[in-house]
Amino acid sequence: MAAPKPEEISHPAMDQLQGLEYCIDSNPSWGESIALGFQHYILALGTAVMIPSFLVPLMGGDHGDKVRVVQTLLFVEGINTLIQTLFGTRLPTVIGGSYAFMVPIMSIIHDPALTRIEDDHLRFLSTMRAVQGALIVSSSIQIILGYSQLWAICSRFFSPLGMVPVISLVGFGLFDRGFPVVGRCVEIGVPMLILFVTFSQYLKNFHFRQLPVLERFALLISVTVIWAYAHLLTASGAYKHRPDLTQVNCRTDRAYLISAAPWIKIPYPLQWGAPTFDAGHCFGMMAAVIVSLIESTGGYKAASRLASATPPPAHVLSRGIGWQGIGILLSGMFGTMSGCTVSAENVGLLGSTRVGSRRVIQIAAGFMIFFSILGKFGALFASIPFPIFAALYCVLFGLVASVGLSFLQFTNMNSMRNLFIVGVALFLGLSIPEYFREYTSKAFHGPSHTKAGWFNDFLNTIFFSSPTVALIVGVFLDNTLDYKDSARDRGMPWWAKFRSFQGDSRNEEFYTLPFNLNRFFPPS
């Protein structure tokens, strides 16, 4: 038997991911685009409902307050997504709520000055205004780093090797949002997981009128089937004598969103009253803004790959961060109870559907704005049980993580230096946040517990984030450990041509601003 040829053993490195039906600037038909956009909207509901459902009751808010926060968060998500796809990075990314802001917001909720307020509704409003003030001030971090091009300068220290742990942990770092939540109601979570994988992968070659319906719309079909099944279980009394926690996670009538939602309500700035400003709250929130910046950097790089685009040039990435800072400012002005970041699950859905079209995401943003105004209809979709979303996350977060690992093809993984950096950054990126989570769950405060609350919030927020820890460890090691003689091993010759807008002719196709705006903002 003849010895295999080198090309039969390994695969050539590819600048753009192959196998997508539609890339960033090619579009499906309008009907298909609208259906795909609605699918992205349904997926974005998971985080948009989970964050307010957890935080609003702790603030003293009732079901009506929770619905208004969900509506406001979706409304601002839609605006931010449109802005980002038109004027930011122009990548097909949904800009959604971020769990990175949970630590400083929880600190504000437990501020003694706020907990002393006896009237629940007044405490809710006072806490909301404090969070708004902190978001408004801290948004300046991303606005300054983005529009001054400082983040573009920082990104010159990034290499394919250093970015692998960061992008991978944008997906892997959210493992606690996956099967642990599915396990809260296995009778709907596990069937959802099996059905979604079956439709999107095993039956992907099923075509109806030359359209791969089951692959393209696996999320919509499987959510509809399992949601109807969950409603049947609820109506039949299957959970009547089950514990409260099981009922909250399994029943379709325990969200209390539909009954509390108004028919029509347009969110507007300062709807909760004038924001209040506290230096300690603002410093803690700044850490969350930095975490959001790092997570979004990984998210944009993953989205560019799944949209079959080239990696965004440094100035495009910085431009996107600047607009994301404006998005956090809007979140503070409107009162969403969260800042914003790239939605990792929606990035994963680009790969699952093999449609990386920018138009689809812009249509999804339209659905977010439309259904946030029509409260009752939006609340209907938002009442989908959380384990259904968690089952989707198990697949989509894993897909984002694997995109991060795909950047290893541009590096030399026969190098002990590279093996050390990737392994240590990945391990510590998972291990350190897990330590912080376990410590907090037992001690009811983070490992950083000094008399300076802002300092505690800053450190605890930074080290709760897996991508942030991975960037600190990975980029530091990559730029200090034998870096002078390892440019080729790190993948820098491939990476260098995508650093500037003029470095690759394809950049103009993917990242040029619309309406001929590049005349006023020439690329660097």
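Any Cβ shown, glycine's included, is placed from N, Cα and C.
Looking at 130-150, 277-297, the range annotated in TrEMBL as transmembrane segment turns out to be 130-150. Between the transmembrane segment (211-230) and the transmembrane segment (388-407) there are at least 3 Cβ pairs closer than 8 Å, counting only pairs 6 or more residues apart in sequence, which means the two stretches are in contact. The transmembrane segment (38-58) makes no contact with the transmembrane segment (458-477): fewer than 3 of their CB pairs lie within 8 A, with pairs spaced 6 or more apart in sequence. The transmembrane segment (419-436) is not in contact with the transmembrane segment (388-407), judged by fewer than 3 CB-CB distances under 8 Å for residue pairs 6 or more apart in sequence. Only pairs six or more apart in sequence are counted, and the transmembrane segment (388-407) with the transmembrane segment (181-199) gives three or more Cβ pairs under 8 Å, enough to call it a contact.
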